[in-house]
C-alpha cells in the first residue's frame with residue numbers, strides 16, 4: 001500500500017492493517033512522500049483515531065530504522081510523555097529521571113524539543129548545559145557512570161527528518177507523539193509513559209505488550225495532565241507479567257497532599273529549569289516544594305516500573321528519600337560535566 005491509497009482509506013474512515021501501516025511508514029520515513037501528503041495522513045489518522053494495529057505497525061518501522069544505543073544495564077527504564085496535553089507544566093518526567101538515578105536506577109531518557117508545548121526534554125537539558133550531540137556509545141557511558149543518558153530523538157531517528165516540517169507546521173499532536181515513547185533507541189523495556197488522553201492508556205499498554213515491553217505504566221490524570229498529577233486522580237494502565245491492569249491513584253495514597261498546579265506552569269525551558277533546580281535542591285519556594293512532590297510521584301512510578309520497588313508505594317518512598325539527599329541535583333550536574341567532555345571529544 002502507498003500513501004495515496006492509505007489516504008483514500010482514511011478519508012472513508014477505514015482502518016489500516018499492521019502490514020499496510022508499515023508500508024506507508026516506510027514510504028514516509030524514506031522520503032518518498034510530499035509534505036502535503038504527510039500532513040494529510042497525520043491529520044486523517046488523528047481524525048479517524050489510530051488503532052492498535054496501526055500504532056504497532058508504525059512503531060515497528062521506527063524501531064527498525066533507528067540508530068541503536070547498546071547499554072549494558074538490567075532493568076533500563078525510560079520516563080517520557082507523548083506531550084500534547086496543552087498544560088505547559090514543567091518537565092516532570094525529565095526531572096524524575098535524575099531522582100531515579102539518585103535511587104540507583106538506570107535511565108535511558110528518550111526525548112525531543114517541544115512541538116506543541118513550551119519546553120521539551122531536549123530544550124530543558126540544553127538550557128541546563130547538557131550537550132545533545134552525543135554518539136550512541138557516549139549515551140551508554142552516561143547511563144553507566146551517571147545513571148542517566150539522554151537520547152536526542154533526531155540523532156537516533158534520522159528518518160524522522162522527512163516528517164519534521166509537516167509536524168511543525170501542523171503544531172498539533174499526531175501519531176508521532178505516541179510513537180516517540182515507544183521507540184526508545186536503547187530498547188528500554190521498563191517505562192512510565194504519560195499520554196494526552198485516558199482513552200489511550202490501555203491501547204498504549206497493549207501496543208507495548210505486542211512490542212515486547214516487560215513492565216510499563218501508562219498514565220493520564222483526570223485534570224488532563226500527561227503525568228501522575230499532584231492535583232487530581234491519575235488513571236493507570238499497567239503492563240506487568242504479560243497482562244494489562246487498570247486502576248486509579250491519587251497523591252494521598254502515598255502520604256502526599258493534593259495541591260493545585262498553580263505555580264507549576266512554565267513559558268519556556270529556562271523557567272522549567274529554575275523550578276526543577278529548586279525542587280531538586282533546597283526547595284526554597286512553595287512552588288519548589290510542590291514540584292518536588294510531583295517529581296517524587298513520577299520518579300516513584302519509574303522505580304516501580306524498573307522493578308527497583310515491589311510496589312508503587314515503595315517506589316514513591318524510595319524516590320522521596322533519594323530527592324531529599326540532594327543527590328538528584330548532583331546527577332544533573334554530573335551529566336552536564338560528562339557531556340561537556342564528550343562535546344570536546346566530538347568537536348576536537
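The backbone N, Cα and C atoms fix where each Cβ goes, and this holds for glycine too.
Annotation comment: Swiss-Prot describes 81, 84-85, 91-94, 109-117, 121 as 5-phospho-alpha-D-ribose 1-diphosphate binding site, evidence class sequence analysis. Marked as anthranilate 1 binding site by Swiss-Prot on the basis of sequence analysis: 81, 112. The Mg(2+) 1 binding site annotation in Swiss-Prot covers 93, 227. For 167, the entry in Swiss-Prot reads anthranilate 2 binding site, with the evidence type sequence analysis. Positions annotated as Mg(2+) 2 binding site by Swiss-Prot, on the basis of sequence analysis: 226, 227.
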Item checked: Residue among binding-site residues 91, 93, 94, 112 with least C-beta crowding, 10 angstrom cut-off -> 112
Next item on the list: Calculate the distance in Å between the alpha carbons (Cα) of residue 93 (Mg(2+) 1 binding site) and residue 81 (5-phospho-alpha-D-ribose 1-diphosphate binding site), and round it to a whole number.
Entry: 7
Check: Where does residue 226 (Mg(2+) 2 binding site) sit in the DSSP three-state scheme?
Finding: coil
Item checked: DSSP state at residue 81 (5-phospho-alpha-D-ribose 1-diphosphate binding site), helix/strand/coil -> strand
Note to self: What does the structure give for the C-alpha distance between the residue listed as 'anthranilate 2 binding site' and residue 114 (5-phospho-alpha-D-ribose 1-diphosphate binding site)? Integer Å is fine.
What the structure shows: 11
Checklist line | Rounded inter-Cα distance in Å - residue 111 (5-phospho-alpha-D-ribose 1-diphosphate binding site), residue 226 (Mg(2+) 2 binding site) | finding: 15
Margin query: Under a three-state reading of DSSP, tell me whether the residue listed as 'anthranilate 2 binding site' is helix, strand or coil.
Written below: helix
Next item on the list: Could you check the binding-site residues 226, 227 and say which one's CB has the fewest neighbouring CB atoms inside 10 Å?
Entry: 227
Margin query: Just to confirm: which same-chain residues, 6+ apart in sequence, have a Cβ under 8 Å from the Cβ of residue 114 (5-phospho-alpha-D-ribose 1-diphosphate binding site)?
Written below: 83, 120, 123
Next item on the list: With H, G and I counted as helix, E and B as strand and the rest as coil, say where DSSP puts residue 91 (5-phospho-alpha-D-ribose 1-diphosphate binding site).
Entry: coil
Note to self: If I take the alpha carbons of residue 112 (anthranilate 1 binding site) and residue 91 (5-phospho-alpha-D-ribose 1-diphosphate binding site), what is the distance between them in whole Å?
What the structure shows: 12
